[in-house]
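Colleague: According to TrEMBL:
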TRANSMEM  6-27  transmembrane segment
DOMAIN    19-267  domain 'G-protein coupled receptors family 1 profile'
TRANSMEM  39-60  transmembrane segment
TRANSMEM  80-98  transmembrane segment
TRANSMEM  119-141  transmembrane segment
TRANSMEM  182-204  transmembrane segment
TRANSMEM  216-238  transmembrane segment
TRANSMEM  250-269  transmembrane segment
Amino acid sequence: DQKPLFALFFTMYVVSLVGNLLIILAICYDTQLQTPMYFFLSILSFIDVCYTTTIVPKMLVNFLSKKKSISYAECMTQMYFFLAFANTESYLLAAMAIDRYVAICDPFHYITVMSHRHCVLLVAFSCSISHLHSLLLVLLINRLLFCDSNVIHHFLCDINPLLKLSCSSTFVNEVVLNTEGLITLVTPFICVIISYLRILTAVLKIPSAAGKHKAFSTCGSHITMVTLFYGSIIYVYFRPLSTYTVQDRVATVIYTVLSSMLNPFIYSLRNKDMKRGLGKLMSRRVS
């Protein structure tokens, strides 16, 4: 199965890279897309490129190698950036939900509340808190002893499979993961839920069906991404370590490789402004 899997994931990786880079270029070149929503989308696409590049190239090498190995330093580095980019994406999805909330529920103050400075601060906060969280978890993993099996039952260095390999106590790691880790992950998810509950309340007050449809249409792509991303993450991490199975690896593929690949399609196919921006970009390249 190695060669078909290599072909599958190589195709997904190329599609993800090309799609996300096109999104970034379209937003940079089209002045009509210079808004907070598309600013966050361009950062999200950049994070997706970094995210998949942290994971997929090593996976592709392993598909074609007889000796599928990774050094301890490489493993810790991969886990650090994987967790940092995953958490950054989580906070960015929350920032995008807040943006939609302000645009629909408080449009008169939208320019003031979602100013470029505030958007940059939100991105800076997302990156900072995510990297600190990742550093903490990697330092806690680094203090463990690995003296038995060195076979990682996963396609990347993730927390749960490494904890299962340790022959020392993982109590502190699990406590931190279930408290600090839970807070770090749940906080942006709660922001998303509250934002959309407020949006739903505001939209239901709109008298015309056309007005309701227009308001909901601006949120459809984001809701799809949130469902895909958080649904698979909750399935993997919100369960006891002892229940970790092959299904968790499949779920990890969804919120890492698959969501990054689908992101450009979800946002471009469901968005007239993005279609126009991509059209302008393509026509500029052709000319």
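Glycine is no exception: its Cβ is also placed from the backbone N, Cα and C atoms.
From a predicted model like this one, the values you see are computed outputs, not experimental measurements.
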Colleague: Under 8 angstroms, Cβ to Cβ: which one of 39-60, 80-98, 119-141, 250-269 has the largest number of such pairs with the transmembrane segment (182-204)?
Modeller: 80-98
Colleague: Any contact between the transmembrane segment (6-27) and the transmembrane segment (250-269), i.e. 3 or more CB pairs below 8 Å with pairs at least 6 residues apart?
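Modeller: Yes, these stretches are in contact.
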Colleague: Test of understanding: applying the rule of at least three C-beta pairs under 8 Å (pairs 6 or more apart in sequence), is the transmembrane segment (80-98) touching the transmembrane segment (216-238)?
Modeller: yes
